[in-house]
């Protein structure tokens, strides 16, 4: 059993899963169908789900706008209006050195994208289909546990305003000539884009793939701040690991075993962790390197006995100014001749070279991603784990997993939590940190355990070669509650459109979790927010049509207007029956009755063999209650004065949610505390605009929608996800060197809330039950995972009550 096994992939590739080819085929079919329909209607494609021109606010922002997430694009144009000659790849292949960051802090994503672009043929596998003439593009991304496809149009935000929006003075600069203005602005082409762009003048793949990634998450604002390791997993389906440079034992071994394999079966990015608070973060630079900013590792080269690392800043500028920087004294005539061998050229393009020792000395964090080829297969099991409310002991026992390997294999084991970036405004306030140990069944000592990584990392992993046998993964969960985030969110009716989209993203994330548990959609607490599939509706009507026309022609169905529609198990678990009848309504004039309204006339007709007396008398209809005049209970004109309002001592501060720790990218200022008792008014900026003193962040807000007469009825209160519940999953990647499809996935069984005391309880009860705890069948363990959703809903209410106490 080798704990430090080395993995070598055949070539850079995406993770092969059972649905990968299906998703690729579906994406191609959708793009072809859209292009066909647009040509038939003589129109260009417009994505109604992500329309930047007509629904810009929803595409740019989530429910709330935090400091640093305000965008002000001047216009929205199609790529054919921005570029003279539209090219997806300028030279037929993506160039990692041409990525330039725009007006959003997504350097974590662009650095990962630049690293992916350095692997030959890897980025092309994400770009499935496109039609530049119609303006439709199809991409795929790895989300949680499966591949998904995203279709977008070619509308992009620009910094170039319309000629009509210019002031008279600005128009006079162009001699009041619109054609001259458009001609002058077209010289810059891609430089006018508001978000990310390519350094090549006519290249479009960078802004379009960024737009597809923003649509996948629902908004551009959700791309603000993040970790490069998460982006590389979303782009490749690989497994990432954070490495601290201070923890590297042997730098020579790390160079040989890891860094020299960059862009082959490894991808690397790096960053400098921000130091203490002695100086503002924006002013901290280390010889041109920016702290809390992600850099892409393009390649590692050994030349003339020296080791060099080629890096790139996604800003496209601000490079390293130390040794071996562009124009430094180290570049003698002898070394300038080997620039082609190093794959580098001088210029202010964000790319620079560092010697290996300087690179380890300056950068503090390295993100490494393992790429899997077709010889690997992935098996996974996800659980909804209710944890004990704080304060509680930091220990194992909340959740564990068991899996069996039929033969010896190279294995990567990853413990992950559900990606909440898709619905971060509704996500739990808890920030979870995971770690685990691996133990072979029947043995006493752990085989391997996860090393310390960044706090609140989305997943942790180990690489080990295992022999055939059964193994147990014991997970340990820890959390930090973000007190600045409110438990209850107050929304106005104009925000319900965004809320519905975000709730759908949350339901889709949970749907992928329940698919791995083989549970019905009814177990998903958010199933009611899932959209109805158009294919399901078409298939339902198709079955109705076929059933209606499959009846014999000689059968007269004119008098039978009843139709039955039944959905199979693939669409839903219930049967829908619709009955259509023809009804003729005739109005009759009612005659006034002379009998009292309060009594029902005794119109009893005795049935055969019975007399009228044997039939019970009818009950009189209830009489309307008459209001009685209340007497004045206060005599002599004295009435008590109303008591003053009771003061409970409870006050509530309204705060802006703070940033999650350990994020990469420029950060906004810290949490802002607003004065009580006023609360923020709903507007397009999350700044305080209510009555009372203004703070330093107050600013004129965009006009809010008009208030309705029943303003109190439009307030909606939404609860965040339970902070005592976390969704975790175990992924096991196995490489046996054989066809992964023929062998199939391995079985993983999850267990919740077991401890050492459970064995004593089971042993005490074994005499009455006839079985022990260790004799439990697989079906019993599976039932534990399937009942997780129902148990968690009960535990949520219990934990919430205990927390509020």
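Placed from the backbone N, Cα and C atoms, the Cβ positions cover glycine too.
Note that TrEMBL annotation is computational and uncurated.
The shown structure was predicted, so the numbers you read here are calculated from the model rather than taken from an experiment.
Checking TrEMBL for region 'Disordered' across the ranges 685-712, 713-740 points to 685-712. Under the three-state DSSP scheme, residue 107 (active site) falls in the helix class.
Separating the Cα atoms of residue 107 (active site) and residue 313 (active site) is a whole-number distance of 9 Å. Rounded to a whole number, the C-alpha distance linking residue 293 (active site) with residue 313 (active site) is 9 angstrom. Counting every protein chain shown, the Cβ of residue 293 (active site) has 23 other Cβ atoms within 10 Å.
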